[in-house]
Amino acid sequence: MEDLRRRFPTKKNGEEISNVAVDPPLRKASDALPLPLYLTNTFFLSLFFATVYFLLSRWREKIRNSTPLHVVDLSEICALIGFVASFIYLLGFCGIDLIFRSSSDDDVWVNDGMIPCNQSLDCREVLPIKPNSVDPPRESELDSVEDEEIVKLVIDGTIPSYSLETKLGDCKRAAAIRREAVQRITGKSLTGLPLEGFDYNSILGQCCEMPVGYVQIPVGIAGPLLLDGVEYSVPMATTEGCLVASTNRGFKAIHLSGGAFSVLVKDAMTRAPVVRFPSARRAALVMFYLQDPSNFERLSLIFNKSSRFARLQSITCTIAGRNLYPRFACSTGDAMGMNMVSKGVQNVLDFVKSEFPDMDVIGISGNYCSDKKASAVNWIEGRGKHVVCEAFIKAEIVEKVLKTSVEALVELNTLKNLVGSAMAGSLGGFNAHSSNIVSAVFIATGQDPAQNVESSHCMTMILPDGDDLHISVSMPCIEVGTVGGGTQLASQAACLNLLGVKGSNNEKPGSNAQQLARIVAGSVLAGELSLMSAIAAGQLVKSHMKYNRSSRDIGPSSQVNR
């Protein structure tokens, strides 16, 4: 039997061995083709892209004309045949080439019998190739470095402050090092800003970047709030004296009068991108297309793919020249929903772009939403949860608990909250201090404090009801959620749990966030009732002088500077 070995180069005195069998050239995939490679490649590539373009164009025309896709003519049949043929060629050619290249090295063998006896093989040792080894995962590159050295590296800019969590793998250690670096760079002390007692892993990548500690805000409990027959103890995070006490007095007056009642009018988060067209006529055409009821089902299916909770409710548009502002409104389950609605809007924009290629998307938000800004569109159309809350306060409760009269409250509300706000040109500010209560509950329950701007839009109405008093608050823009954002932090989650609305409601998605909005409105109702009573009775200044003043010196002389 012939001894077969891998062929090695054989030389004698630096010259080629002439009588060694010469290997045939390596086979290529193109050897099987009757035509030159560049011709066949050019032909089939051109055929492939031409047929794809033709078929996609025809498919789009059929969708526009509501023609069934399975109805084809002769040109489409030819295009399909060309597409299949070119696809098989490209796939088969690449496959053959891959097989040939992977097997070419293993196929090059020589027969030692072809070499004359007076010649010897070059049997120099060939070292085997070691397989690539994957290094085991190493510990953090800075684990063995002292904190003092890392602080110096951060100060001189060698290590970016924002990368400490990634490089160290320890969020608390990163916060401590960053804190020390900030103190040395600024020359100011952070004494008083606590570092210990907080889970920094819980905010990584979702709540706060480059932390150096956390701010302590006291949380008070007001209540019980009797709302729709259920009692709630309401957490309020605030540094304003009298706020919790005043709201608590309002809760007492409402409870003694039979409680408050709420109505959820609407639940729809909004997002309004801005898109541009070559002309105003073209922009108007797309506006009519988006607002056409016959197109809503298709657009809603595309929008709702973004989430199992997102449900498109309406699309309203406004136009400014050749710029179009479509305002999408959708329900978002128990999430506040800004990310959810933005993803759905992006899906619709991609689809509309395919229908109207001349559309230019300027921005996913065009401020017609309108987020974190006082705006007429929010005040009129609403954003988030639209809640109305009311209570009937007995005349004797007004006198004994609130220390005023029905007539005084009615007159004050008209002249202050209605006429006074109108004279000031207020937008959504026809109330005494709804933002106080909204902010306090928002911070305690992990909501976005910046959305207090529109969430505090409120119309407070106080009217006589016989001898008694009817008070109501209408709040069209309460933007809250019980999942996502700051709601997952331990302190905020505990406050949500106290209210019975922690997390999502699997049985009835969205009901937890809706209930939280009702509680916010009920708390605002109590706060409005108590403050208006204090003003009517002339107690506001006296109470604030007693409970909302601080004599503690926080000037530079009392601080310890580093």
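Glycine too: its Cβ is placed from the backbone N, Cα and C atoms.
Its own atom aside, the Cβ of GLU240 (active site, charge relay system) has 15 Cβ atoms within 10 angstroms in the protein chains shown. Here Swiss-Prot flags GLU240 (among others) as active site, charge relay system.
If you look up Swiss-Prot, you'll see LYS372 (among others) marked as active site, charge relay system, on the strength of similarity to another entry. Taking the Cβ of LYS372 (active site, charge relay system) as reference, residues of its chain lying under 8 Å away and at least six apart in sequence are, in sequence order, ALA450, GLN451, VAL453, GLU454.
In the three-state DSSP classification, ASP448 (active site, charge relay system) falls within coil. Residues annotated as active site, charge relay system in Swiss-Prot, with similarity to another entry given as evidence: ASP448 (among others).
The annotation active site, proton donor is assigned in Swiss-Prot to HIS544.
The feature N-linked glycosylation site is assigned by Swiss-Prot to ASN118 (among others).
ASN304 (N-linked glycosylation site) falls within a helical segment according to DSSP. Summarising the annotation, Swiss-Prot assigns N-linked glycosylation site to ASN304 (among others) and lists sequence analysis as the type of evidence.
If you look up Swiss-Prot, you'll see ASN548 (among others) marked as N-linked glycosylation site.
The phosphoserine annotation in Swiss-Prot covers SER550 and is backed by similarity to another entry.
The annotation region 'Linker' is assigned in Swiss-Prot to 101-146 on the grounds of similarity to another entry.
According to Swiss-Prot, the region 'Catalytic' annotation covers 147-562, on the basis of similarity to another entry.
Taken from Swiss-Prot, the feature transmembrane segment covers 32-56 (among others).
Marked as transmembrane segment by Swiss-Prot on the basis of sequence analysis: 77-100 (among others).
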Between ASN304 (N-linked glycosylation site) and ASP448 (active site, charge relay system), the C-alpha gap once rounded to whole angstrom: 24
Between GLU240 (active site, charge relay system) and ASP448 (active site, charge relay system), the C-alpha gap once rounded to whole angstrom: 19
Same chain, 6+ residues apart, C-beta under 8 Å of the C-beta of ASP448 (active site, charge relay system), given in sequence order: MET336, PHE442, GLU479, GLY485, GLY486
Overall pLDDT for the region 'Linker' (101-146), taken as the rounded mean: 48
